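Everything on this sheet refers to the single structure shown next.
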Amino acid sequence: MSETRESLNFIEHIIEDDLAGDYVHDQLCFRFPPEPNGYLHIGHASSICLNFGLGLKYDAPVNLRFDDTNPTKEEQEFVDAIKKDVAWLGYEWANECYASDYFQQLYDWAVQLIKDGNAYVDSQSSEEIATQKGTPSEPGQASPYRDRSVEENLELFEQMKNGDTPEGQHVLRAKIDMASPNMLMRDPVMYRVLHKHHHRTGTDWKIFPMYDWTHGESDYIEQVSHSLCTLEFQPHRELYDWFLDQVHQPAKLRPKQREFARRNLSHTVVSKRKLARLVEEGIVNGWDDPRMPTISGLRRRGYTATAIRNFADSIGVGKRENLIDVSHLEFCAREDLNKTSPRVMTVLDPLKVVITNYPEGQEEFLISENNPEDASAGEREVPFSREIYIERADFREEANRKFFRLKLGHEVRLKNAYIIKAEKAIKDEDGNILEVHCTYDEDSKSGSGTEASLRKVKGTLHWVSASHALPVEVRLYDRLFSEAAPDADKDKDFLEFVNPNSLEVVTAFAEPSLKDAKAGDRFQFQRLGYFVVDPDSKPEKIVFNRTVGLRDTWAKLTS
Ligand code: ATP
Ligand code: MG
């Protein structure tokens, strides 16, 4: 390994120590285990990049495992979306696995636990079971059914399996220790009865295994060496190990659960349950709404897979939870898009400029570089004519010396075109500016090499020729929540903090080269930011989403 030990993260340290101990390299195996009850979000991206990153680093298999043990919340739609997102992020899984494929094996092992006296059927309600759990400082009480005979347990468990008992009548519990200081060890439930249709097993199973019983055993079946999960599962590790003890055969590898800190992102929520509420209550238009922190939302917003991977890698893995500012994610997007996006000119809030000394009816095509960061991106022709649009905010009749844009009596350069001077503002009777009359310096064309073209003027504006302009819809997104941590206050509903102005739709004028842009194409609108073509686009109306502005406008507002 080329890196020094110091450059490794703590998970890699664990793996290196295991390799120096009793693990051999060929035993390494990882998994990413989503529950198909929603779409993946940016928090999952951390776990995906961690697990698949380890797979690449150690040349070890990584399984995509669907943890599909709860038929009430899971759907095929979510399985398909998860596969698409992991593949889009650029990762290949070794095996596509489903916990539901292990239902028979898990059942057989559960029967074994009953025979060994390590599991029993409890016929109390979930409320009764909860009241007997005790507190961390007080032991729990044993269920009156704890000492059922093996025969009775086997018979009842089989009835549960066959669908002969209604939901809620019995559960199967592991028989561990009702006085354990770890509440999870106080006879945890292993199975419950559910008469629900499962998206893969249909109505074959009437009993469904609980998370703790399923997860470690699935790791064991797949011979996963390092089962990495988030910190809230730390207290579950003891139970993970206890269940493994019941089934482990000495010749096989024994998986290890290790925990790392969840990654949270500011100004949003990263929990499928909460994201589902945004969808269900119509606050956003679906899981892939470009304001959502889902992988599919970020993709539709114009984020690249590279930007998301770089984000996950740069925040790394840690042992303590923290809130990552969304501006860091935006930074990663700009950094990648700057290298790859062709530059174009689009005016979002148009103000007409008439160049009075430019011949009427004349047009010319000015050569413009597609990407100054990438010579191979080539050049294009941008039409210029007597009437153009500039941004309304780029003109003022009067302004102080710090205003380097267009003001009466002063000059600016039009990007890749000429130097113009503002002569007169034409207004309606209410004083609103209708258009600006300018003159241009005919010798100042960019790149022409003339003395006038080399003249320095302070401001450069983007513009679009009015007669050639392509009207487009532009969706300007802002943060979905106005609070950095909308779900931090447990007494408040996070929906109270939804930013009411997270979407503004405008009709903009784009340069005509954009007429053939296709869904997913990304551009830098010069001086404005990065934009992507939305799948809602139609040939007669292209729709753009703003991915991110050119710089962090929120930083300015708060500093
Ligand atoms: P959610 O609460 O959003 O449903 P989850 O943890 O229940 O999240 P799973 O589908 O069960 O979602 O998670 C799949 C994997 O992704 C797990 O290993 C989980 O620990 C990890 N994961 C989920 N959210 C984050 C996060 N914010 N940061 C890092 N890893 C995460
Ligand atoms: Mg979950």
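Glycine is no exception: its Cβ is also placed from the backbone N, Cα and C atoms.
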Checklist entry - Looking at 34-44, 144-154, 199-209, 287-297, which one is motif ''HIGH' region' according to TrEMBL? => result 34-44
Checklist entry - Compared by Cα position, which of the binding-site residues E35, P36, T230 is the closest one to Y211 (L-glutamine binding site)? => result E35
Next on the checklist: What's the number of neighbouring CB atoms sitting within 10 A of the CB on N37 (ATP binding site)?
Outcome noted: 16
Item to check | Same-chain residues near the compositional bias 'Polar residues' (125-140), Cβ under 8 Å, at least 6 residues beyond its ends | outcome: 168, 171, 178-179, 181, 183, 186-187, 189
Checklist entry - Average pLDDT across the motif ''HIGH' region' (34-44)? => result 97
Checklist outcome for this item: All chains considered, the count of other Cβ atoms within 10 Å of the Cβ of P36 (ATP binding site) is 24
Checklist outcome for this item: Within 10 angstroms of the C-beta of D67 (L-glutamine binding site), the count of other C-beta atoms across all shown chains comes to 20
Checklist entry - What three-state class does DSSP give T230 (ATP binding site)? => result strand
Checklist entry - What same-chain residues, at least 6 away in sequence, bring their CB to under 8 Å of the CB of S271 (ATP binding site)? => result H41, D487
